[in-house]
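Single-structure report; data block below.
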Amino acid sequence: MNFYVDVLGCPKNEADCALLKAYLEKKGNNIVNTIEDADAVVIDTCGFILEAKKESIEEILTYLELKKERDLKVYVTGCLVQRYGEELKKEIPEVDGWFGILPPEKIAENIGKESIIPKNPEPVYEFGGRVDEKQYAYVKISDGCDRACSFCTIPLFKGSFKSRKIDDIVKEVEYLILSGKKEIILVAQDTTGYGIDLYGKQMLPELLKRINDIPGDFWIRVMYMHPDHITDEIIEAFSYDKVLKYFDIPVQHGSDKVLKLMNRTKKSEHILKLVEKIRKRYEDAVLRTSIIVGFPGETDEDFEELLDFIKMVRFERLGAFIYSDEEEAPSYHFEGKVPEIVAQERLDILMEEQSKISFEINEKMVGKTFKVLFDEEEEGVLIARSYMDAPEIDGNIFVPGKFEEGFFKVKVTSADVYDLEGKIVEE
């Protein structure tokens with residue numbers, strides 16, 4: 001059977017589906033790159049916030065419309081199924097199979113046979129091959145979460161924090177490097193917690209050392225580091241030559257009152273000291289963060305504190321979102337809900353401020369030369385990234401040329417708010 005795999009949501013889903021594709025192939029199936037060539041589709045869904053849930057449902061319904069026109073099997077997996085599986089089965093009976101959070105191998109074994117929605121998620125898997133199309137690959141080092149952020153429902157459907165064995169992760173990365181991957185992106189709900197459940201201590205520094213020791217010319221990028229648990233040892237581990245000086249630290253807010261309501265255990269002063277420590281250690285550090293605006297109880301004064309915080313830190317990369325009121329999250333019951341129109345205004349103001357910061361930073365890049373990877377080519381223009389940018393969520397460097405694999409040197413010739421333009425230069 002020809003399978004098309006449609007990945008929605010976060011990079012952790014991409015990591016899961018890379019393995020799922022390999023297991024489907026082991027069962028004698030083919031993986032195709034377009035739905036037109038497929039006999040079956042697997043949709044890996046997101047169930048985190050309202051917009052993601054809407055997107056997942058719309059995608060399912062789109063494929064079911066195709067199913068009316070031709071012979072097409074539709075299978076759905078991922079967080080949305082784990083969270084709402086029984087309800088979905090009743091509401092959308094046309095789907096051929098539902099699979100909650102399971103090891104990819106188990107999904108491949110049961111697809112076409114029976115639906116499986118486990119009472120307790122089973123997210124941790126052992127490496128068994130994978131199929132990737134890009135020069136970069138997401139590698140999931142743990143799943144689930146033991147944090148108790150008041151806005152978040154992930155622990156409810158992902159379960160408690162569970163780390164993969166370090167040898168298995170290294171084995172997967174070795175496979176990826178041998179297959180030609182040039183960027184390894186480590187993902188988890190909180191990468192700083194890696195290893196605590198298995199080894200009794202934070203093992204991210206040891207994992208980075210083990211991966212850094214693998215022969216080859218490649219990058220290591222770390223995503224999703226909780227600011228409360230970034231130790232000096234973790235910061236020092238970024239000194240390994242293959243580890244990018246890219247610190248993805250979702251701080252969520254800059255007001256101490258709002259941080260407390262979010263059940264974040266540290267205050268903004270801790271974050272400021274952490275940022276200072278990182279920038280003192282690495283002059284070329286790039287800091288990325290995520291912000292939630294419109295959290296219940298967020299006043300105009302709190303938002304002004306957030307703006308002042310952003311102006312003070314000057315994050316190189318920032319993503320911001322309006323609070324999503326999830327019925328199973330503790331914050332759902334909080335008073336002081338912010339009207340949507342006010343939350344949108346605050347988001348617009350925040351992003352306008354960040355756009356100024358981003359443009360000022362980008363202007364300083366003009367004339368500099370960076371080592372880059374090309375992600376794709378569109379009409380003779382290459383979409384490149386330096387160490388400063390993660391795939392899909394950050395900016396790009398647009399370069400004239402034809403796609404080639406491997407690393408290249410690009411000199412920046414002009415800057416925009418979030419993106420750069422450049423030209424290939426000789427080594």
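Heads up, residue numbers simply count up from 1 along the chain you see.
Any Cβ shown, glycine's included, is placed from N, Cα and C.
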_One of CYS46, CYS145 listed by Swiss-Prot as binding [4Fe-4S] cluster 1 at the site of CYS10, CYS79_ = CYS46
*Pop the mean pLDDT for the domain 'Radical SAM core' (131-360) in here, whole number is fine.*
95
*If you draw a 10 Å sphere on the Cβ of CYS152 ([4Fe-4S] cluster 2 binding site), how many other Cβ atoms land inside?*
23
*Tell me the residue counts in helix, strand and coil for the domain 'TRAM' (363-426), as DSSP assigns them.*
1 helix, 34 strand, 29 coil
*Quick one: what's DSSP say for CYS79 ([4Fe-4S] cluster 1 binding site), helix, strand or coil?*
helix
*What is the Cβ neighbour count of CYS10 ([4Fe-4S] cluster 1 binding site) at a 10 Å cut-off, with all protein chains included?*
18
*Close in space, distant in sequence - CYS149 ([4Fe-4S] cluster 2 binding site), Cβ under 8 Å, 6 or more apart*: GLN252, MET262, ASN263, ARG264
